[in-house]
Amino acid sequence: MAFANLRKILISDSLDPCCRKILQDGGLQVVEKQNLSKEELIAELQDCEGLIVRSATKVTADVINAAEKLQVVGRAGTGVDNVDLEAATRKGVLVMNTPNGNSLSAAELTCGMLMCLARQIPQATASMKDGKWDRKKFMGTELNGKTLGILGLGRIGREVAARMQAFGMKTVGYDPIISPEVAASFGVQQLPLEEIWPLCDFITVHTPLLPSTTGLLNDSTFAQCKKGVRVVNCARGGIVDEGALLRALQSGQCAGAALDVFTEEPPRDRALVDHENVISCPHLGASTKEAQSRCGEEIAVQFVDMVKGKSLTGVVNAQALTSAFSPHTKPWIGLAEALGTLMHAWAGSPKGTIQVVTQGTSLKNAGTCLSPAVIVGLLREASKQADVNLVNAKLLVKEAGLNVTTSHSPGVPGEQGIGECLLTVALAGAPYQAVGLVQGTTPMLQMLNGAVFRPEVPLRRGQPLLLFRAQPSDPVMLPTMIGLLAEAGVQLLSYQTSKVSDGDTWHVMGLSSLLPSLDAWKQHVSEAFQFCF
């Protein structure tokens, strides 16, 4: 998937000036307009391929579907709650964020919240401003020796752990992705959730808002917690069930909470905010000069690197694309798309299961990015729903009635060589199998249904190819085919054949353009098809 035609970027929220400068220095045109209504945003996006936002702009399905040229949405920050990911993915719009840009600021705010909870600093400050001097009311607790439960051990969770360990806190945590060994390497004991609840004096959450994390702290889990537990949420509103938290505060099960985020922002229900044991901020996790500068810089660099084909980072809705930018993988992406296009032309809108098989050590983990490229080739001509690309391929293939499986086999000795890297695309239960490889940076077709091409056939983007199977002993076949090309006004640019397989030979002709019809050809050969990717 190329982004070379991405030329104009709209920045619709306030960002550090470095963002605009980096984009412009990278050759991109930039428009900055803030506080746009939905209608105004749609109007501005009509001639923009890229959009960069913070949290204020709502990139809804209506906006995405109405922005015909939109290719990429960049979120200068971590959370993408304000972007409709499903709509973006369906439209084939890439969504990126800056996962590390505000990590330090969010971690520092979390640590500040923990200290404020322990010593009731905001409440004591408010009391002093009211002219009071009440030392007994604000009795606190030391952090030293207390147990901190960290739910989510990504960058922010790790930074929090390091800082609070310096206060003498014991850190335990939970993360379904991070292994116990990795967690132990930064001083966190990984435990199942049911063991964390009764163990912790303080709990802080640092997970994304997902169906599996919504209401992670609820009536049931609060009941399992140590009485007097204190809770911090500087991640996403909704991870802590706000109703359950209020009930736990009212009963004394929870001694205090520090909230930087809410299910609804700003919160209309003031019960939590007004509770005397709640510290709250208006979503300030990334509100530092350093974080804003870092996020603006990172998202701009990501856009420029993407357009120049250097790298792709921070991808939210198509992680497989990240591999597509490596020099080794790029030509294999082209091969996969070519074989998918070939399979569609050959099998005629196939149904059932498409098998994508990689072979060779260097392709061991490549299936995740090659299978979407195969799908692009399969569906590009058939799909009437949207432009098929590496972002939406897996979503659209299911709707097309196809199942795509990916597997890997090691390189084996044989005619292809020892350990040679190959890509096979086949239709399960049907006589359609194509095998390709990459020579240098050029995708090559090596085999069709066991018929080997020596040398291999170059598969070049934009080069029409006609493939047909016929008996090798027919002396008039080739002159007849050339005559049919002449009648259609199509030039023959290249020609080669496979070895004989099952009594037939595959012939491949490079053409100046695709033929308007293959009906005349099919009268003279066993089968024929043409394609161009």
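Cβ coordinates come from backbone N, Cα and C, glycine included.
Keep in mind that what you see is a predicted model, and the values were worked out from it rather than measured.
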Among ASP134, ASP260, ASP305, Swiss-Prot assigns to the NAD(+) site of THR78, ARG155, ILE156, ASP175, THR207, CYS234, ALA235, ARG236, HIS283, LEU284, GLY285, ALA286 just ASP260
Going by C-alpha positions, which of the recorded positions (SER14, LYS21, LYS58, GLU265, HIS283) is nearest ALA235 (NAD(+) binding site)?
HIS283
Cβ neighbours within the same chain of THR78 (NAD(+) binding site) - under 8 Å, at least six residues apart:
ASN97, THR98, PRO99, GLY101, ASN102, SER103, ALA106, ALA286
Go through LYS58, ARG236, the listed recorded positions, and name the one with the sparsest Cβ surroundings, counting other Cβ atoms within 10 Å.
LYS58
What's the number of neighbouring CB atoms sitting within 10 A of the CB on ILE156 (NAD(+) binding site)?
28
Could you check which of the recorded positions LYS21, ILE156, THR207, ASP260, GLU265 is the closest Cα neighbour of HIS283 (active site, proton donor)?
ASP260
Rounding to the nearest whole angstrom, report the longest C-alpha distance spanning THR78, ARG155, ILE156, ASP175, THR207, CYS234, ALA235, ARG236, ASP260, HIS283, LEU284, GLY285, ALA286, listed for NAD(+).
24
